[in-house]
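Annotation comment: Swiss-Prot describes 173, 175, 186 as Zn(2+) binding site. Marked as domain 'MPN' by Swiss-Prot on the basis of sequence analysis: 102-225. Taken from Swiss-Prot, the feature motif 'JAMM motif' covers 173-186.
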């Protein structure tokens, strides 16, 4: 049965317009993105297939073009559309962060970090550069790979902060394995970088660990800064 034959209050588009996007399931939201199904399968059916195939929305959104296009009914055009939607979400959250004190919007910071780092298959170290009012100047992915005191160079972090005239920084890195807990190496690295930046009067306000799924962990909230 086609979606147009469903009761009106069960159709994803009509449900969104009458009750808001929060009322829709993951599959219904994804079906609106897909717009149409294929022979014998509605857009909702295809959406459920995608979620079942990848397990989570995070894995779906971080799929490669070849993985995405391998699903019946999908293709490179849909993959490009999905990446565009994700980038729009990242940019919208970046505008929010740039317009206000980051400490007034901690959940926006977490949401943005999940979008920027949570889907990456490799460990990435990101530096958020803040001005004296704690508004975002820029965010830079500085290092990739296994992060240790020997792979993250303090001089590069200090140089970046000075070049951007930052008054403070927030660090973030992802754990592709899914673990949200800071490791002892993470704590040692943070102390090492904090000491280096203190020499040039730049504050380290926080360090977030971003898991593949779930809520990023704040060092500051744990008393580790």
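Backbone N, Cα and C define each Cβ position, glycine as well.
Of all the binding-site residues listed (173, 175), 175 has the fewest other CB atoms within 10 A of its CB.
Taken as a whole, the domain 'MPN' (102-225) shows an average pLDDT of 88 in this prediction.
Residues of the domain 'MPN' (102-225) grouped by DSSP class, helix first, strand second and coil last, total 40 helix, 35 strand, 49 coil.
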